[in-house]
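Asker: What follows is a structure written as structure tokens; I'll ask about it next.
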């Protein structure tokens with residue numbers, strides 16, 4: 001058989017027209033190698049397709065269709081795939097909450113064991129949040145460049161290992177060092193929201209992100225219960241060991257996490273994105289849109305994880321306001337958590353000595369069973385905060401919901417100025433904590449929505465870093481300044497909430513009903 005006949009058979013087997021017989025063997029081989037599954041030939045080096053007799057009559061109608069990740073995610077809806085993702089990413093939030101709640105529980109025990117001052121107690125919290133602040137942007141860049149799943153896995157492994165080691169600390173300053181490293185690992189946990197949000201359809205995204213925060217509430221309540229049963233019998237070291245275990249469990253479970261399809265498209269791997277979306281469609285028992293998966297932007301045309309892009313003209317105002325909102329919210333939320341312990345340890349008949357010279361606290365004053373019970377009661381406020389946010393966020397919008405929750409927090413915080421009994425103080429703290437918790441959830445919904453895929457993780461990372469600045473400062477207000485006057489922290493936290501209200505209403509973009517962007 002001659003060369004021309006062989007080439008003709010190859011052309012027919014490849015569904016190419018006879019017009020290609022005039023090509024040289026080298027050209028022909030190059031064209032055949034570019035034949036895709038839809039039999040559409042790619043012309044990378046030829047200017048005029050018609051000269052080669054493009055086989056338009058050979059294409060199926062579906063081969064001309066395309067769809068984006070946004071369209072695929074909308075088609076997926078909310079099903080078994082998202083439920084599995086909710087549980088896996090929720091485990092990270094539960095572990096994070098336990099580590100954060102731990103900070104308010106161990107300080108009195110450390111004061112009894114090592115005789116540390118209130119400033120040193122505040123340093124324990126400050127070191128953890130310093131580590132989180134330093135690492136939040138780092139983990140955001142890792143997730144934007146190497147993938148959400150890898151960043152989450154490594155960050156939780158670091159947090160788990162350092163958390164266990166810190167429980168073996170022989171000295172206070174050794175404890176500070178390892179708690180700082182624990183915080184460095186925990187700084188990557190918020191990226192679980194980035195991964196989760198990128199698989200949620202627009203209509204359900206806000207409610208689902210808020211609902212995943214219920215795992216935070218579960219973790220906080222579980223930590224309070226754990227302390228109730230463990231601290232008196234086994235001490236703070238045992239509590240620290242047990243509190244680190246969920247981080248290790250999540251690190252192992254993260255191997256079952258899917259990589260973000262949006263990340264794969266943005267990083268130039270559409271085949272991986274399609275595999276993930278097809279697996280999700282099979283699990284949800286739905287069909288993806290017909291056609292070929294394409295990106296709404298050219299792969300690699302925009303740098304990923306570049307912090308400077310957060311301050312580009314179209315994002316600058318949003319970014320600066322979000323940094324303020326996150327710092328204020330963390331300052332107020334963690335401040336109320338720490339301040340609750342201070343209030344419950346006060347001996348003043350007004351339960352807080354609001355107009356006296358101090359709280360008259362002893363160096364060693366461990367929490368009692370009654371204190372743990374009241375801490376548990378105020379921690380349960382996380383749940384109504386979540387429910388309220390879920391009910392109003394889609395109706396009221398993200399910005400107005402945040403503003404409303406800041407306003408309620410400020411009102412109930414200022415009410416603590418009055419001379420009140422312990423039960424009334426507990427109720428006021430319960431309501432205040434419910435609404436500041438809700439404001440935090442709104443920030444976690446809004447931030448991934450407002451940033452494009454190429455900046456989403458680093459945007460959330462920098463916001464998380466700003467939150468840690470607020471959290472670093474707040475122990476010195478809640479635990480140190482309160483020794484002089486409890487009226488000072490109350491005034492500061494109430495005023496901070498008013499500033500948060502103004503900042504949230506000043507945000508230039510409302511993301512309610514808005515699809516996630518791939519680029520800016």
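Please read every residue number as a count from 1 along the shown chain.
The backbone N, Cα and C atoms fix where each Cβ goes, glycine too.
Pulled from Swiss-Prot, these are the listed features:
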{"type": "TOPO_DOM", "residues": "1-85", "note": "topological domain 'Cytoplasmic'"}
{"type": "TRANSMEM", "residues": "86-106", "note": "transmembrane segment"}
{"type": "TOPO_DOM", "residues": "107-120", "note": "topological domain 'Extracellular'"}
{"type": "TRANSMEM", "residues": "121-141", "note": "transmembrane segment"}
{"type": "TOPO_DOM", "residues": "142-157", "note": "topological domain 'Cytoplasmic'"}
{"type": "TRANSMEM", "residues": "158-178", "note": "transmembrane segment"}
{"type": "TRANSMEM", "residues": "180-200", "note": "transmembrane segment"}
{"type": "TOPO_DOM", "residues": "201-208", "note": "topological domain 'Cytoplasmic'"}
{"type": "TRANSMEM", "residues": "209-229", "note": "transmembrane segment"}
{"type": "TOPO_DOM", "residues": "230-237", "note": "topological domain 'Extracellular'"}
{"type": "TRANSMEM", "residues": "238-258", "note": "transmembrane segment"}
{"type": "TOPO_DOM", "residues": "259-319", "note": "topological domain 'Cytoplasmic'"}
{"type": "TRANSMEM", "residues": "320-340", "note": "transmembrane segment"}
{"type": "TOPO_DOM", "residues": "341-372", "note": "topological domain 'Extracellular'"}
{"type": "TRANSMEM", "residues": "373-393", "note": "transmembrane segment"}
{"type": "TOPO_DOM", "residues": "394-410", "note": "topological domain 'Cytoplasmic'"}
{"type": "TRANSMEM", "residues": "411-431", "note": "transmembrane segment"}
{"type": "TRANSMEM", "residues": "435-455", "note": "transmembrane segment"}
{"type": "TOPO_DOM", "residues": "456-461", "note": "topological domain 'Cytoplasmic'"}
{"type": "TRANSMEM", "residues": "462-487", "note": "transmembrane segment"}
{"type": "TRANSMEM", "residues": "490-509", "note": "transmembrane segment"}
{"type": "TOPO_DOM", "residues": "510-520", "note": "topological domain 'Cytoplasmic'"}
Asker: Using DSSP, what's the helix, strand and coil tally for the topological domain 'Extracellular' (230-237)?
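Answerer: Taking each residue of the topological domain 'Extracellular' (230-237) in turn, the totals are 8 helix, 0 strand, 0 coil.
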Asker: What stretch in 86-106, 121-141, 158-178, 411-431, 490-509 has the biggest tally of Cβ pairs under 8 Å against the transmembrane segment (238-258)?
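Answerer: Highest pair count goes to 86-106.
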Asker: Residue list, the transmembrane segment (490-509) vs rest of chain: Cβ under 8 Å, 6 or more residues beyond ends.
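Answerer: Residues 317-318, 321-322, 324-325, 328-329, 331-332, 335-336, 339, 354, 399-400, 402-403, 406-407, 409-410, 413-414, 416-417, 436, 439, 442, 446, 450, 477, 481 contact the transmembrane segment (490-509) from elsewhere in the chain.
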Asker: Go through the chain and flag residues at least 6 beyond the ends of the topological domain 'Cytoplasmic' (456-461) whose CB is under 8 A from any CB in it; none is fine as an answer.
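Answerer: Long-range Cβ neighbours of the topological domain 'Cytoplasmic' (456-461): 136-141, 143-144, 148, 151, 190-191, 193-194, 198, 262, 305-307, 310, 319, 322, 447-448, 450, 516.
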Asker: Between the transmembrane segment (462-487) and the transmembrane segment (320-340), are there at least three Cβ pairs closer than 8 Å, leaving out pairs fewer than 6 positions apart?
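Answerer: The transmembrane segment (320-340) and the transmembrane segment (462-487): touching, yes.
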Asker: State the residues, same chain only, that lie 6 or more residues beyond the ends of the transmembrane segment (121-141) and have a CB under 8 A from a CB inside it; answer 'none' if no residue qualifies.
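Answerer: Distant contacts of the transmembrane segment (121-141): 99, 103, 106-107, 110-111, 151, 155, 175-177, 179-188, 190-191, 305, 307, 334, 338, 457-462, 464-465, 467-469, 471-472, 474-476, 479-480.
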Asker: Which range out of 180-200, 209-229, 320-340, 373-393, 435-455 gives the transmembrane segment (86-106) the most CB pairs under 8 Å?
Answerer: 209-229
Asker: Can you work out which residues elsewhere in the same chain, 6+ from the ends of the topological domain 'Cytoplasmic' (142-157), have a Cβ less than 8 Å from its Cβ atoms?
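Answerer: For the topological domain 'Cytoplasmic' (142-157), the list is 92, 95, 135, 185-189, 191-192, 194-195, 198, 247-248, 250-251, 254-255, 257-260, 263, 267, 304-305, 454-458, 461.
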Asker: By DSSP, what is the split of the topological domain 'Cytoplasmic' (456-461) into helix, strand and coil residues?
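Answerer: Taking each residue of the topological domain 'Cytoplasmic' (456-461) in turn, the totals are 6 helix, 0 strand, 0 coil.
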Asker: By Cβ distance under 8 Å, which residues at least 6 away from the ends of the topological domain 'Extracellular' (107-120) in the same chain are close to it?
Answerer: 172, 175, 231, 235-236, 341, 345, 361, 363-367, 476, 479-480, 483
Asker: Taking a Cβ cut-off under 8 Å, which residues six or more beyond the ends of the transmembrane segment (320-340) line up next to it in the same chain?
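Answerer: For the transmembrane segment (320-340), the far contacts come to 100-101, 103-104, 125, 129, 311, 374-375, 378, 402, 409, 413, 429, 432-433, 436-437, 439-440, 443, 446-447, 450, 459, 462-464, 466-471, 473-475, 477-479, 482, 489, 493, 496-497, 499-500, 503-504, 506-507.
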